[in-house]
C-alpha cells in the first residue's frame, strides 16, 4: 500500500531494560507520531529535530511504565495528543494531559495519519495495537519471537489467546510488525514470518495456549536485546 511516511526505530535503555520506541514521520506534512516513548528523551527529540517534524500525537499500547514514561514530558514540549484504549485507562486509572480514549476498531486521524485501533488484551486488561497502512505496532502483545507475559493484575492468558487469534485472522501476511521489545530479531518482520516462526501463533487450542504461556520456571523473560 502506498504511503508517504517513514518508520524510525529508536532503541532506548534504562538499567536492565531495553525498549523499542517508534517515530512515524511524514516529512511532507512536517508531522510525526511516537509509539510508546520511553527512557531516553534526547534520542527522541533529536530524531524529531533531524527529521524536521512536529510530534502531533503519541500512541500508547498499554500503561506499563516502561512504555509511557516519556509521554507527558514530550506532550509538554510538543503539545501532542496522547491516545490509549478506554479499557486500559479505566482499569488502571491511567491519567495524563491531553489523553484521548479509544475504542476497539476505531479508525481515527492524528497528525494527518489514518490509524486503526485494535483492542488486544492479555498482557494488560486493555492493551491496544495500532495499524497504519501496512505497519502494525504491538507493544507487549506480540513480539517477533513470542508474546507478552500474563502474570500481572489485569493480565489474562485466555485474553492473550483470543487477541493473537484475532491478529492472525485480521492482519495480512505482508504487514510489518513492530513490537515494544526484541529478544534478538530486528523489529519490522512481516506477519508471514511470525505465522511461521512464533510458537504462540501456532497453538490452536486455548487450553494448550494458556498452559504453555503460564508454564512454570520460564527463563529469559526479560532478556531483551
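Positions of Cβ are set from backbone N, Cα and C atoms, glycine also.
Positions annotated as Zn(2+) 1 binding site by Swiss-Prot: 62, 64, 123, 140. Marked as Zn(2+) 2 binding site by Swiss-Prot: 66, 67, 140, 181.
Sequence-distant neighbours of residue 64 (Zn(2+) 1 binding site): residues of the same chain at least 6 apart with a C-beta under 8 Å from its C-beta are 124, 140. Of all the binding-site residues listed (66, 140), 66 has the fewest other CB atoms within 10 A of its CB. The CA atom of residue 62 (Zn(2+) 1 binding site) is located 13 Å away from the CA atom of residue 181 (Zn(2+) 2 binding site). Taking the Cα atom of each, residue 181 (Zn(2+) 2 binding site) and residue 123 (Zn(2+) 1 binding site) are about 13 angstrom apart. The CA atom of residue 66 (Zn(2+) 2 binding site) is located 14 Å away from the CA atom of residue 123 (Zn(2+) 1 binding site).
Other residues of the chain with a Cβ within 8 Å of the Cβ centroid of 66, 67, 140, 181, the Zn(2+) 2 site, are 19, 36, 38, 61, 62, 64, 139, 180. Contacts of residue 67 (Zn(2+) 2 binding site) defined by a Cβ separation under 8 A and a same-chain sequence distance of 6+ are given as 19, 36, 38, 60, 61, 139, 140, 180, in order along the sequence.
Listed in sequence order, the residues 61, 63, 67, 124, 127, 139, 141, 148, 180 complete the 8 Å Cβ shell around the Zn(2+) 1 site centroid, once 62, 64, 123, 140 themselves are left out.
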